[in-house]
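Q: When I checked TrEMBL for this same protein, it listed these features:
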- 38-58: transmembrane segment (TRANSMEM)
- 78-98: transmembrane segment (TRANSMEM)
- 105-123: transmembrane segment (TRANSMEM)
- 175-195: transmembrane segment (TRANSMEM)
- 201-223: transmembrane segment (TRANSMEM)
- 257-279: transmembrane segment (TRANSMEM)
- 291-314: transmembrane segment (TRANSMEM)
- 351-374: transmembrane segment (TRANSMEM)
- 386-407: transmembrane segment (TRANSMEM)
- 427-451: transmembrane segment (TRANSMEM)
- 465-510: region 'Disordered' (REGION)
- 491-510: compositional bias 'Basic and acidic residues' (COMPBIAS)
Amino acid sequence: MENEDNLSDEFRVHVAVPSKPNPILKKLIVFKVYKRRWFILFVLCLLNCSNSMLWLTFAPVADQSAQFMGVTLDQINWLSIIYMVVAIPLSFGTTWMLDTLGLRITLVLGSWLNMLGAVLRFVGVLGRLVSAAKFPVVMGGQTLCALAQPLVIFTPTKLTALWFPEHQRATANMIASMSNPLGILVASIFSPMIVGTTNNIPSLLFIYAVPAVIICFLATVGIRDSAPPTPPSASAESSNSEPFLEGIKLLLRNKAYMILLLCFGSGIAVFTCFSTLLEQIMCVRGYPNDFAGLCGGLFVVFGIVGAGFLGLYVDKTKKFIEATKVNMSLSALACIAFSVVSQMWNQGIALAVVCSLFGFFGFSIYPVAMELSVECSYPVGEATSAGLIFISGQIQSVIYILLLQGLTKPMADSPFSTCSAGGDAALSWRVPVLVMAGLCSAFTCCFVIFFHTEYRRLDAEAQASGEKPTLTTCDSMPNSDDPPDSNNKPNSDDKPKLTTQDQKEEQASG
């Protein structure tokens, strides 16, 4: 007990939990938080950042990479697309692993796959290999990194549920989730700086492999437990209360969760389309590639800033629904503004501002929505509820990208175009960006109007501590004149009936 106290923070939370058989008797439970939770969060952030860096290593230097490996640009693009292809089928197994095998095994396996993939990519570009073997070996390493992505990206909600108290969960989830776009930003900035010429591709892959090796060591040696010896909250005790298949069935019957699954999955798809097609959309109107990269960087940076502010706000107020609805609405307005401004010439400042606002309001939704998915689906496992939303976003991303590409039309005249399309005519993106804005707006309206849920996890913790449940909105709300008791009883004078034995014990305790 003495060693255990040294690993935990200096405070304890004593909660009196009413016993079901007898409401008079109470059982004392001690909740504790451990300082090593911050180390686990730190390792997860590094791993998430490294994996996203490996994902988009080649995208900013596609021309140099294709020339160095002797392949086409379409083949280089598949080094990024493979992440999406692998993630959809593997995600189901990842949710099962997190909820069944535990956090430690999942994180350690993800770190090893990430490390092996990074090292194999570096081996593939060494001069000892023949030119024809370089790309297949690099693709093999990239596939290993893609296998690690679901193991990493599904983990934040599980980690925060098991290791963090309720007043820190949203902030910890925000920190872990935003490390992924931070890795994208790092790759977008440093890949062009490191490569310079085609001869520096091996140096680029070596530099990106070093952090992966260090992170793998930290995860393997430093993460010793999947859960703390003493839970930080009442909900952490029942984090794995529902079996995987039974949890899937409960989610499919949960109206609020299905609305969140569809609407927020559409939001993920819109942001994927924006990140993937931004350069192609802007070059038609004469904006150079470096300015498109600047807009993409502003999108990510302001998104991280917005997520930080929103995470702290939600941790203090617990207004998950209100924060998500307001930010989704503002994000839809920013998407509409982008669809208009991006089709104008010489509007660089306005376009940069719109991209910044789009990231500020849109990126900040992700960690809060992941927490909201857990709140509306409790006691289903955190990895299952958050993982299915990620799968929905990936599937819709493929559909949206194919749809928007199919809606493009060749332009008869494009005198200001900076696109390097070879002998092909530049493509008009006017209709596709308007369709993207329409889809974003439609699903946002659907979410704002139809999404209502209880904060089930917070209410369970409040009831366990004998406190008043949180004020939430649900599908079957009581009348406004009725008291917000957990049983939705219309008469405030109704009291639980005590047995004769209970009355004797109450009198004795009096």
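Here the Cβ of each residue, glycine as well, is placed from N, Cα and C on the backbone.
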Q: Do we see three or more Cβ pairs under 8 Å linking the transmembrane segment (175-195) and the transmembrane segment (38-58), pairs being at least 6 apart in sequence?
A: yes
Q: State the non-local partners of the transmembrane segment (386-407) in its own chain: residues 6+ outside its ends, Cβ under 8 Å from one of its Cβ atoms.
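A: Beyond its ends, the transmembrane segment (386-407) has Cβ neighbours at 84, 87-88, 91-92, 94-95, 98, 150, 153-154, 156-158, 248, 251, 260-262, 264-270, 272-273, 276-277, 369-370, 373-374, 429, 431-433, 435-436, 439.
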Q: For the transmembrane segment (351-374), give me same-chain residues lying six or more residues beyond its boundaries with a C-beta closer than 8 angstroms to one of its C-beta atoms, as numbers and ranges.
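A: Answer is 156-157, 160-161, 169-170, 173-174, 176-178, 181, 257, 260-261, 264, 267-268, 270-271, 274, 282, 287, 294-296, 298-307, 309-311, 314, 320-321, 323-324, 327-328, 330-331, 334-335, 337-338, 341-342, 382, 385-386, 389, 453, 457.
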Q: Mind pulling out the one from 38-58, 78-98, 257-279, 291-314 with the most Cβ pairs under 8 angstroms to the transmembrane segment (201-223)?
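A: Out of the listed stretches, 38-58 contacts the transmembrane segment (201-223) most.
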Q: With a cut-off of 8 Å between Cβ atoms, can you find at least three pairs linking the transmembrane segment (38-58) to the transmembrane segment (257-279)? Only pairs 6 or more residues apart in sequence count.
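A: Per Cβ check, the transmembrane segment (38-58) does not touch the transmembrane segment (257-279).
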Q: Taking a Cβ cut-off under 8 Å, which residues six or more beyond the ends of the transmembrane segment (257-279) line up next to it in the same chain?
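A: Same-chain residues near the transmembrane segment (257-279) but 6 or more away: 184, 251, 289, 292-293, 295-296, 299, 328, 331, 335, 338, 358, 362-363, 365-366, 369, 372-373, 376-377, 385, 388-390, 392-397, 399-401, 404, 429, 432, 436, 439-440, 443-444, 446-447, 450-451, 453.
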